[in-house]
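Each remark here refers to the structure printed beneath this line.
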Amino acid sequence: MTDYQNEVLEFERIMKEHTNYMRNSINLIASENITSSDVTEAVASDLAHRYAEGQSHERLYEGCQYIDEIEDRVIDLSKKLFNVDYANVQPISGVTANLAAFFGYSDYGDKLMALDVPYGGHISHAKVSAAGIAGLKTISHPFDKDIMNIDIDAMNKKILEEKPKIVLFGGSLFLFPHPVKEAREAADEVGAKIMYDAAHVLGLIAGGQFQQPIAEGADLMMGSTHKSFPGPQGGIILSHKENKEVIDNAVFPGVVSNHHLHHLAGLGIASAEMLEFGQDYAKQIVKNSKALAQSLYERGFDVLCEELGFTESHQLAINVSNIRSASDIAHDLANNDVILNKNLLPGDNVDDSDNPSGLRIGTQEITRRGLKEKEMDEVAEFIKRVAVDKENIKDEVREFMDQYTTVHYSFSQNEGYRFHKL
């Protein structure tokens, strides 16, 4: 065996170890999920090798007839799932979807009104990422940290004063619906587009368990397809058909060349799964988030927004500054196969993001593994035993998660976390 053949075996070994690690872990990362075996097969198909530049039936390459059929089906399923009459399924990520929307409806120097990162905004809403690439000047939504949401009266006043070109809702720490319909009148008065970054809550929207941004008055909804929505990594833009020409051109040739066709097929399969199972899945996610938040609160954790029921999404947030460093807690939990992330909270210094006061938790992946409210109490106890008591619980976590290896809310109902050797 040559050294380079051995490299192939080493990659295989590492991937197998990673797969086993995820199988054995309580994964509470709010931006991840697990796909069904049907979606995984699509992602591993020959489509991974192909190109299809341009819109369906208007390709720059030959040989795309089956790809056109796939894309047409994905678009139709997306429109049905989200009750819209336009969908672009070509963005390769949520950030790419945001960038296309910004390019389509703004000019260099225009203002974008969005949440600051410590208040839940995503980096793509900021100067350092997509907003800055598009040349937008970012201004901040007024925020009420007691309710972890935008201050409606102050927001409308600021829209009228600042006259942004884009009013953007959504974020990466996203506990409660945002005031979309409440902003419509002010946005219309200054000629602003309302956009909604649904990256985190797309699956909850699809399942009818969160706000419906387009119905509430948003002009565009962008999202990623792999968080609460259990598809392959990718992006999507949903809107009204009058925005089709602008957005299609902003996506291609604007920010996407080839749009990762294996993920496109996977998105179609995941969309069919959500049409069949999405309501039950999304409902259980929210139930689990509330149950986990309550269990942590009862163990003395400072879970945000107790008086509001903690959350209406897949996420919950904890201020652990009264315990010890959020970074240390997250690291210790990961060493015990409980995976979550440290997170900035309102009042934290955005320039010191390595030392925030909070932890962000998401329940969408463990929900898909079949855990329900009763199991959330056990998850909370694991977190407490590491964060507060500094115990070593890795073996117990692995034994616990060994009971939950099936991917639920899917047609195949197969065991997840398998290394697929072709």
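Any Cβ shown, glycine's included, is placed from N, Cα and C.
From a predicted model like this one, the values you see are computed outputs, not experimental measurements.
Over in Swiss-Prot, the protein carries these features:
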BINDING   G121, H122, I123, E245  (6S)-5,6,7,8-tetrahydrofolate binding site
MOD_RES   K227  N6-(pyridoxal phosphate)lysine
SITE      H226  site 'Plays an important role in substrate specificity'
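Annotated features, which come from Swiss-Prot, shown on the structure.
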residue: G121; record: (6S)-5,6,7,8-tetrahydrofolate binding site; DSSP class: coil
residue: H226; record: site 'Plays an important role in substrate specificity'; DSSP class: coil
residue: E245; record: (6S)-5,6,7,8-tetrahydrofolate binding site; DSSP class: helix
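Put simply, of the binding-site residues G121, H122, E245, the one whose Cα is nearest the Cα of K227 (N6-(pyridoxal phosphate)lysine) is H122. H122 ((6S)-5,6,7,8-tetrahydrofolate binding site) sits 16 Å from H226 (site 'Plays an important role in substrate specificity'), taking the Cα positions as reference. The distance from the Cα of G121 ((6S)-5,6,7,8-tetrahydrofolate binding site) to the Cα of H226 (site 'Plays an important role in substrate specificity') comes to 18 Å.
A simple Cβ count within 10 Å picks out one of the recorded positions H122, K227 as the most packed, and that one is K227. Taking the Cα atom of each, H226 (site 'Plays an important role in substrate specificity') and I123 ((6S)-5,6,7,8-tetrahydrofolate binding site) are about 18 angstrom apart.
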